[in-house]
Amino acid sequence: MSPGRLDWLAAPGRALAGELAVPGDKSVSHRAVMLGALAEGVSEIAGFLEGEDTRATAAILARLGVRIEAPGDGLRRIHGVGLHGLRGADGPLDCGNSGTGMRLLAGLLAGQAFDSTLVGDASLSRRPMGRVIGPLQRMGARIEAAGGELPPLRIHASNGLQAIDFKSPVASAQVKSAVLLAGLYARGETAVHEPHPTRDYTERMLAAFGWPVRFAPGEARLEGGHRLRATRVQVPADFSSAAFFLVAASVVPGSDLMLRRVGMNPRRTGLLAALRAMGADITEFPAGEQGGEPVADLRVRHARLHGIAVPEALVPDMIDEFPALFVAAALAEGETRVSGAAELRVKESDRLAAMAAALQALGGQVAETPDGAIIRGGRLGGGEVHSHGDHRIAMAMAVAAQRATGEVRITDCANVATSFPGFVALAASAGFGLQPAPALG
Ligand code: S3P
């Protein structure tokens, strides 16, 4: 084991019970700090995700001259510098593990009057950036990348951007958002059309900061040359973090768990539909709106799950939830089929390969396909599984271990701090058998 590597030991705990509040939404936190930085006036963010990904974005904006105070846990006070107030930084800007950070910042930086270089960790340095570079170059941005596609991204000072009408070949909120953020600096109306609607947080938050934006599922339009006005943002709890508990309480007998004030944006909650189709017992108690987003308390009780064919139309609405869904499927009765999900191969890891290998290592029956998998439910045993440094693989396998017949060692879990700091303690408090593994000598 390499020095500093964090492994977990996981095994069945007790029935999951009690009330949990998972941390703030990662997507919303990134966008709040970016728009707060470009706004005029002081924005206040509450419920900001204190994760490595979102902190990396805040640290980059601070290096670009934005004063950001952190008066308490999950709180940020951002002294916005206005649309043209950022100034160039010496040296590369480190996005860490975050694809959202790098792709959105690429759009935001494409319109600046200074050069920037965006870098990331080993995982991010393997992820495709051509999907944002292409449309940004069409807008007039000058961006270089390794082999035309990979980080680091060298973004040259802009000579002015031109709006485009962009038909995205991929259903990606990051691509849409990069183009829209560049569109703030472009002459004319920028339009993005998606092959399938994706999360619309950028659009909603631009509107909350006072920028005129027109959007409907699958389409967004805005014009350059307006202003962002500081505002308050209350970030809802992250549905993707809640997802691990929705699956865990569904599969562990006797569980009855309440998750408080979870963000319920319909472009995020596809897993709810999939789990319900599998027979899950989840009740929603709408709890109003938080920062313009619907939120709900979710009560989840153990249920017998059965396999389904996941409708391809649901895939973008649950794109981050497949590691959790795979675990539900591996413990359900019968077969679950996933297709139309090739995007999972370019996430923090190749999630189709990583989940298939991890479940197989515990005796699960999973056959990978080019764009999905066929999972046959059954029993899982103990063993060692590799997270590939991917936060969601690590957390999903901690859930799987709650129904394993032996202890599961999950390797390389430090990156869970990118999206869900405190996961081990929170999960253990709910009943998980989960702890950091003692360092090997
Ligand atoms: C995100 C969009 C999705 C998602 C990621 C967050 C965002 O990525 O997987 O975790 O905040 O816009 P893609 O745009 O690559 O689908």
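Including glycine, each Cβ sits where the backbone N, Cα and C put it.
Small disclaimer: the values here were computed from a predicted structure and weren't measured.
Record features (TrEMBL):
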- Asp320: active site, proton acceptor (ACT_SITE)
- Lys26, Ser27, Arg31, Ser172, Gln174, Asp320, Lys347: 3-phosphoshikimate binding site (BINDING)
- Lys26, Gly99, Arg127, Gln174, Arg351, Arg392: phosphoenolpyruvate binding site (BINDING)
- 12-424: domain 'Enolpyruvate transferase' (DOMAIN)
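Shown here: features listed in TrEMBL, placed on the structure.
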residue: Lys26; record: 3-phosphoshikimate binding site; contacts (Cβ under 8 Å, 6+ apart): Leu49, Gly51, Asp53, Thr54, Thr100, Asp238, Ser240, Ser419
residue: Ser27; record: 3-phosphoshikimate binding site; contacts (Cβ under 8 Å, 6+ apart): Thr100, Ala173, Arg199, Tyr201, Asp238
residue: Arg31; record: 3-phosphoshikimate binding site; contacts (Cβ under 8 Å, 6+ apart): Leu104, Ser177, Tyr201, Thr202, Met205
residue: Gly99; record: phosphoenolpyruvate binding site; contacts (Cβ under 8 Å, 6+ apart): Leu124, Arg127, Gln174, Lys347, Glu348
residue: Ser172; record: 3-phosphoshikimate binding site; contacts (Cβ under 8 Å, 6+ apart): Arg131, Glu194, Thr198, Glu343
residue: Arg351; record: phosphoenolpyruvate binding site; contacts (Cβ under 8 Å, 6+ apart): Phe322, Pro323, Leu344, Arg345, Asp390, Arg392, Ile393
Of Arg127, Asp320, Arg351, recorded positions neighbouring ligand 1, Cβ under 6 A:
Asp320
The domain 'Enolpyruvate transferase' (12-424) [mean pLDDT, rounded to integer]:
98
Among the binding-site residues Arg127, Lys347, Arg392, point out the residue whose Cβ has the most other Cβ atoms within 10 Å, with all shown protein chains included in the count.
Arg392
Protein Cβ atoms within 10 Å of Asp320 (active site, proton acceptor), excluding its own:
23
Return the maximum Cα to Cα distance in Å (whole number) over the record's 3-phosphoshikimate-binding residues: Lys26, Ser27, Arg31, Ser172, Gln174, Asp320, Lys347.
19
